[in-house]
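Novice: My questions will all concern the structure given below.
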Amino acid sequence: MPLHRREAAPAKLNLTLHVTGRRVDGYHLLDSLVVFLDLGDVVTIAPGPLSLSLTGPFAPGLAAEPDNLCLRAARLAGREARITLEKNLPVASGIGGGSADAAAVLRALDASPRRPEALGADVPVCLASRPVRMRGVGEILAPLPALPELNVLLVNPGRGLSTPAVFKALARHDNPPMPEPLPDFPDAQALIGFLHECRNDLEAPAIALMPGIADCLAALRSAGAQLARMSGSGATCFGLFASAAEAQAARARIAGTNPGWWVAASGLAPAKH
């Protein structure tokens, strides 16, 4: 193991999330276009007995307990390390925070467990941390060609949302998947046009549980987003804008009128090779 290592845990964004079925064990089948952003949490490891320290603006929402995903990841890898998690993303927010953190621990430890999905359905895709089409229960990953640059604005209403509760509120579990194969996306407008034909099937049940999500979506649309959608099981929403300057202007506008919300502009994470 490296003596000291710092590993980014980039935010995950579900540009689409189609729920296409449910297995007999209760796990849902998904078809999702997933990308990663150039903002997120940061994991640092150092030699020592297994421990976890929490820093960052959202650290108060977590506890360094044995069931924390960072500690579980280290145990799954069979490694000891002093782990520090800089928590920059809201907790339970639909952008992969905990799963991305666990994946970052595994990468930092140079560990390749046989079943990373044992830590959570989003851990395999977060281990990849590159644009993919994700299917199955999250374990079937098809890498995508480089996508056009996107100007993203994230908005969270300041509250977490339980993933199991959102799935439980889902009215239909056998929705249509995305087309096969996916089209080419020569530019951002082609990708955004395709996204308008797709869905997040968890958006409606999440809004029923937390109406504030609809307010986030309305704020993004009012600020000029070309597409506004919820990510994952919520409550974070995202808007896609024509330029980085427009995304930053929308960030200032939305943050200025909604001081309790978390608002952050981002682009896509650099491609991994």
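Heads up, the Cβ atoms here are built off N, Cα and C, so glycines get one too.
According to Swiss-Prot, the protein has these features:
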{"type": "ACT_SITE", "residues": "Lys12", "note": "active site"}
{"type": "BINDING", "residues": "Pro90, Val91, Ala92, Ser93, Gly94, Ile95, Gly96, Gly97, Gly98, Ser99, Ala100", "note": "ATP binding site"}
{"type": "ACT_SITE", "residues": "Asp122", "note": "active site"}
Novice: Given the binding-site residues Ala92, Ala100, which one is most crowded in terms of C-beta atoms within 10 angstroms?
Specialist: Ala100
Novice: How many neighbouring Cβ atoms, not counting its own, are there within 10 Å of the Cβ of Asp122 (active site)?
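Specialist: Within a 10 Å radius of the Cβ of Asp122 (active site) lie 27 other Cβ atoms.
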Novice: What count of other C-beta atoms do you get within 10 angstroms of the C-beta of Gly98 (ATP binding site), across all chains shown?
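Specialist: A count of 26.
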Novice: What whole-number Å value do you get for the CA-CA distance of Lys12 (active site) and Gly96 (ATP binding site)?
Specialist: 5
Novice: Whole-number answer please: how many Å between the C-alpha atoms of Ala92 (ATP binding site) and Asp122 (active site)?
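Specialist: A Cα-Cα distance of 13 Å.
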Novice: Quick one: of Pro90, Gly94, Gly96, which of the binding-site residues has the smallest count of other CB atoms within 10 A?
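Specialist: With the binding-site residues Pro90, Gly94, Gly96, fewest surrounding Cβ atoms within 10 Å: Pro90.
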